[in-house]
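Engineer: Pasting a structure here, questions to come.
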Amino acid sequence: MMHARSGMAAGGSGNATGACGHGSLKFDILQMHVSPVLVVVFLLAFCGNALALHRFVFRERTWHTGIIYSFHLAVSNLLYSLTLPFLAMYYYPPKHWRYGEAVCKIERFLFHCNLYGGIFFITCISLNRYVAIVHPFLAHGRLEPRHANILSGAVWLLVAVISAPVLKFSTLTVTQLENYNKTECLGSTTRTLLPSYMPYSIFLAVFGCGLPFLLTAFSYSAIFRTVYRNPNITQLEKRKVGRMTGTVVALYAVSYLPYHVLRNLNLAQRMKPTDQENCYVSWLIHSSFQVVKILVHFNICLLPLLYAALADSMRGRCCAGKGARQEDEAAAEKVELRG
């Protein structure tokens with residue numbers, strides 16, 4: 001039989017083989033708390049995203065580009081939240097996957113679609129705001145809802161394509177215990193396929209996380225500079241924009257980046273021969289990885305609220321000059337922060 005160290009939460013590449021993972025009390029204690037955490041995340045994520053969608057559909061009369069991207073972000077998060085009850089039941093002690101291999105693969109696929117769909121839609125929102133605020137005359141008449149709809153469709157297609165290999169790699173393993181056979185749904189793949197999976201995981205880290213993060217950080221830093229240099233914006237509004245900018249970058253930096261770094265470190269530990277594995281290092285990497293996976297889950301609770309707040313705080317705010325600018329410039333600046 002194949003043996004696996006249990007991953008902790010969805011999207012897990014946390015399964016491992018080797019001398020350190022079997023029957024470890026530390027790993028078992030770590031996983032005891034996963035099920036209630038997933039229940040809390042499900043309740044918050046489902047309610048938060050459902051309310052965000054209700055707001056977009058019934059309260060937003062004009063769907064500008066920013067609303068369109070935020071709507072798709074909320075849809076992505078809501079769809080994934082529906083899989084969390086299955087995971088909560090899976091991790092409820094004793095941990096055991098009861099739903100078959102097909103459902104395992106579908107859940108892993110949906111997690112990756114949500115993860116990278118969320119990242120890419122955040123990037124779309126960031127670039128959209130960058131163009132609208134930093135280059136308002138370029139944006140005027142060019143950032144149209146139809147463009148956002150086309151780009152959103154392209155994002156969905158892209159995330160489906162880059163997540164598709166998960167359907168091949170994810171599988172079930174069975175561990176023979178004293179009283180029963182324990183079935184696990186692997187978030188990464190089996191030990192024998194790790195050499196093939198590792199390049200794919202690195203690709204996801206670079207293309208699916210690193211590049212979007214650089215674009216997002218660049219966009220919000222440029223927005224921050226532009227807003228703070230504008231004399232027509234009050235200090236209160238500047239502080240609000242600063243907090244929003246810092247929150248977006250911080251949410252990204254403390255969850256998505258550590259998740260991808262630690263996932264690949266964890267995979268590298270799994271690829272080591274058993275006699276070369278340092279149990280303390282393995283436990284430290286694995287435990288840290290579980291924490292950042294929970295942070296990634298909580299993002300699906302927080303992001304809809306953040307962008308709903310952004311939709312309010314940025315709409316029509318930046319620059320209605322007091323006669324100091326020409327009328328067409330004032331109009332353009334009203335358009336910019338609606339993006």
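Including glycine, each Cβ sits where the backbone N, Cα and C put it.
Quick paste of what TrEMBL says about this protein:
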- 48-307: domain 'G-protein coupled receptors family 1 profile' (DOMAIN)
- 34-54: transmembrane segment (TRANSMEM)
- 66-89: transmembrane segment (TRANSMEM)
- 109-127: transmembrane segment (TRANSMEM)
- 148-167: transmembrane segment (TRANSMEM)
- 197-220: transmembrane segment (TRANSMEM)
- 241-261: transmembrane segment (TRANSMEM)
- 281-307: transmembrane segment (TRANSMEM)
Engineer: Among 34-54, 66-89, 109-127, 197-220, 281-307, point out the range having the most Cβ pairs under 8 angstroms from the transmembrane segment (148-167).
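Structural biologist: By Cβ pairs under 8 Å, 109-127 leads among 34-54, 66-89, 109-127, 197-220, 281-307.
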Engineer: Can you tell me which of 109-127, 197-220, 281-307 gets the most C-beta pairs within less than 8 Å of the transmembrane segment (34-54)?
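Structural biologist: Looking at each of 109-127, 197-220, 281-307 in turn, the most contacts to the transmembrane segment (34-54) are made by 281-307.
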Engineer: Look over the recorded stretches 109-127, 197-220, 281-307 and say which has the most C-beta pairs under 8 A to the transmembrane segment (66-89).
Structural biologist: 109-127
Engineer: Over the domain 'G-protein coupled receptors family 1 profile' (48-307), what is the model's average pLDDT?
Structural biologist: 87
